[in-house]
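Here is the structure we will look at.
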Amino acid sequence: MSFGGHTPRKRFGQHWLRDERVLDRILDASDLGDDDRVLEVGPGRGALTERLLASSAAAVHAVELDRDLVAGLQDRFGDSPRFSLREGDVLAVPLTLPDGQRATKVVANIPYNITGPLLERLIGRLDQPVDPPYQRLVLLVQKEVAERIRARPGASSFSALSVRMQLLAKCSSVCPVPPRCFQPPPKVHSEVIRLDPLPLEQRPDPVICRRVERLLKQAFLARRKMLRNTLTVSQPLSELETITQQAGIDLRQRPQEVAPHAWVELARGLNQADSAASSL
């Protein structure tokens, strides 16, 4: 097995995790069983891949963009019948295993520059979630992104991303990851997060979700303003006040103070009001 003199490439956002304790925490959070098929994004030199293959997981399928690393990974793990490797961009290549089966869990050290698009590919959008959802995703992301994903209403980091992710999955922190845990050290702190996607039947109806998306774009465009001044709807103010009260929302609130489920109730109330008005 040889990776030659390969050094991390900035254009690929490569920062290789080398801290043994963090690698163990990722594996523990994945909670792999013998019926799990794991999709690993960005295996690098295979530090985590080695642990995944040492677990009881039925299969480990890695996706690596850097051609220079692919040969080394194949040399190192290619003899294992439980290991498969695809060279390519994780945003573009098929994510199924070679036998056509789908992974049950995802473990990823996400390059910071593709966090948003990759989250959308792995979990989906509010109005178009991944179906069926993965059972669990354990992701290493920039700390700022992790804080936004798991933020609670009222926190300064609570954002439209917080609402979207929390309506799609249960989000929790696994552990902080300081720069010294990587080679080379990034300029920012990182965090391992765990996402357990909600079953489709526990997610809001896609029609409601489309309305939620419109509301979030309106409100968070001016996040410091009260909702009274940012929401653009067809209903008169008196009717809007009734709808927001029923959703548990005060129009004097700012968007970062409104819980995810309240956005859903607001969207549902507005859609019902629109339907009632159109039937007159």
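Placement of Cβ uses the backbone N, Cα and C atoms for every residue, glycine included.
Among the candidates E64, E120, E144, the residue that Swiss-Prot names alongside H15, L17, G42, D89, N109 for the S-adenosyl-L-methionine site is E64. Residue density at L17 (S-adenosyl-L-methionine binding site): 21 other Cβ atoms are found within 10 A of its Cβ, drawing on all protein chains shown.
The Cβ of H15 (S-adenosyl-L-methionine binding site) has 24 other Cβ atoms within 10 Å, all protein chains considered.
DSSP assigns H15 (S-adenosyl-L-methionine binding site) to coil in the three-state reduction, outside any helix or strand. When other Cβ atoms within 10 Å of the Cβ of D89 (S-adenosyl-L-methionine binding site) are tallied across all protein chains shown, the result is 9. Sequence-distant neighbours of E64 (S-adenosyl-L-methionine binding site) (same chain, 6+ apart, CB under 8 A from its CB) are G42, P43, G44, V70, L73, L85, R86, E87.
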